[in-house]
Amino acid sequence: MEGIHVEADASAFRDCFSLAWKNPYVLRLAFSAGIGGLLFGYDTGVISGALLYIRDDFKSVDRKTVLQESVVSMAVAGAIIGAAIGGWLNDRFGRRTAILIADFLFFIGLVVMASAPNPALLIVGRVFVGLGVGMASMTAPLYISEASPAKIRGALVSTNGFLITGGQFLSYLINLAFTKAPGTWRWMLGVAGIPALLQFILMLLLPESPRWLFRKGREEEAKTILRRIYSADEVEAEIQALKESVETEIREIGSSNKISIIELFKTKTVRRGLIAGVGLQVFQQFVGINTVMYYSPTIVQLAGIASNQTALLLSLVTAGLNTLGSIVSIYFIDRTGRKKLLIISLCGVIISLGLLSAVFHETTSHSPLVSPIETSHFTNYTCPDYSSARNSAAWDCMKCLKSSSPDCGFCASKADKLLPGACLILNDTTKDTCHVENRLWYTRGCPSKYGWLALTGLALYIIFFSPGMGTVPWIVNSEIYPLRYRGVCGGIAATANWISNLIVAQSFLSLTQAIGTSWTFLIFGLISVVALIFVLIYVPETKGLPIEEVEKMLELRALHFKFWEKRPKTLEKSQAL
């Protein structure tokens, strides 16, 4: 359907492990570069647990929400800059050099954070870590893609996605391990220095990307590396295809190393690649993955589990499902194809978000009432807004939790959490008093008989998102651009991803306060529908295509606006000629 196409072997997953046995060099390249994904995942996951203890050590952070937001978001801001600079670094100095610089910046940031005597230096460290993470996020999949045989390229690039989710899972384990250790959060943040140092050493021992070397005229070095990657009967064809690709590019554009934005959009193959690549990265964030992960403690509370420690353990299960999804991606990416995996993923995400939206609506509109008898049981702890309300008889748990002068919490009935409970001032003393009577204390969500459906919706969302929208955008961006533009375009796409991440993260709480959680998830569901239509029309299938053939496919491919109609075979054959 997409023009020139080399069918991928259906047993690509088995081939991946077979190749690892016969030629472990390829797997060594992939996993060494993939450690950048591990660092990416670890940093995004560890800060949620570390922040609890940072607030205990630095009272100014505990008092000022803006400082808490800065500690988290400055890494994202740094990642935006790192991804943007990373594109230029990749094309100018090479993929390997860019990874080494990313490791150095990441390590410096970790040292600054782990030894920070005040919030200001902690934030500076977060910026350095963000620069490294942003650079690594677009360089690691690019390096793996360019150093992988075509028929298992998807599976090997998926290892980067697996290591991202594995890093998140590891961060939750580390958070649990260091909760009782002296200097808690310093250990949580600092321990990531070990894999950063390991990757730096490994990359010093590994070669540059063969395709980048070829583009820079260092053909003999590139051929030596390609002969270690490909089997004897495949390597000459690969070298010839790469040589033709570079010669065609130089003939059409010239040997100038300068790339302008105008040139990017004037070149049809680059423009089509950017639309697909940047679009996927933006939609990856706007379908709400970070907000669903952020809101998981609330969803756990909706299920009737009010314990923070239990919520942390269930977050570990959430991260585990995310990692499992990445393993599924490795298996299916070269069997099913990128586009089909995206379509299946988005269909599941739409259903999951619809379920979450419905559960939140039911919970909001049917939360337990506030009982004046239950509330009066806790003398001196009654929520002031409830005491002064004229229509206190109409108050329920959700209205109690929305009180803000001061904040209030809901102490569930001792007999049954779904029966009317008490609306009390939100502080540690009140929480302890509620717990002494073996009652559940709610501050984010309310007790609901639909809680198990919320947990089901959360699990389904992650199971569907992770193998498709979680990993495929990075794979597509590592293989869809012509060689000359690959670093710059990859940097543009990664920058778009991080900017979208920042926009969604900063607007989510305001959105839930303005229109409610149910409508917020419904909006994410509608965006997912738009994303599905975008994938059907704009994203080509690159399964099994040698990287040099992707460019030819984009040149010949017409946009498939009537995506519900199967293209005539005669058209496919004419495009393949």
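Glycine is no exception: its Cβ is also placed from the backbone N, Cα and C atoms.
Unlike curated entries, TrEMBL annotations are predicted automatically.
In TrEMBL this protein carries:
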- 29-543: domain 'Major facilitator superfamily (MFS) profile' (DOMAIN)
- 29-54: transmembrane segment (TRANSMEM)
- 66-86: transmembrane segment (TRANSMEM)
- 98-117: transmembrane segment (TRANSMEM)
- 123-144: transmembrane segment (TRANSMEM)
- 156-178: transmembrane segment (TRANSMEM)
- 184-206: transmembrane segment (TRANSMEM)
- 274-296: transmembrane segment (TRANSMEM)
- 311-334: transmembrane segment (TRANSMEM)
- 341-360: transmembrane segment (TRANSMEM)
- 450-476: transmembrane segment (TRANSMEM)
- 488-509: transmembrane segment (TRANSMEM)
- 521-539: transmembrane segment (TRANSMEM)
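Relative to the transmembrane segment (184-206), the listed stretch 98-117 leads the set 66-86, 98-117, 123-144, 450-476, 488-509 in CB pairs under 8 A. The recorded stretches the transmembrane segment (521-539) and the transmembrane segment (98-117) do not share 3+ CB pairs below 8 A when only pairs 6 or more apart in sequence are counted, and are therefore not in contact. Contact between the transmembrane segment (274-296) and the transmembrane segment (98-117) is not supported, since fewer than 3 Cβ pairs fall under 8 Å when only residues 6 or more apart in sequence are counted. Remark: the transmembrane segment (66-86) contacts the transmembrane segment (488-509), by the rule of 3 or more CB pairs under 8 A.
Among residues of the same chain six or more beyond the transmembrane segment (488-509), those with a C-beta under 8 A of the stretch's C-beta atoms are 69, 72-73, 76-77, 79-80, 83-88, 90-91, 134, 137-139, 142, 259, 264, 270, 273-274, 277-278, 280-282, 284-286, 288, 290-291, 294, 473, 477-478, 481, 520.
Each of 29-54, 156-178, 341-360 was scored by its Cβ pairs under 8 Å to the transmembrane segment (98-117), and the highest score goes to 29-54. In the predicted model, the domain 'Major facilitator superfamily (MFS) profile' (29-543) has a mean pLDDT of 84.
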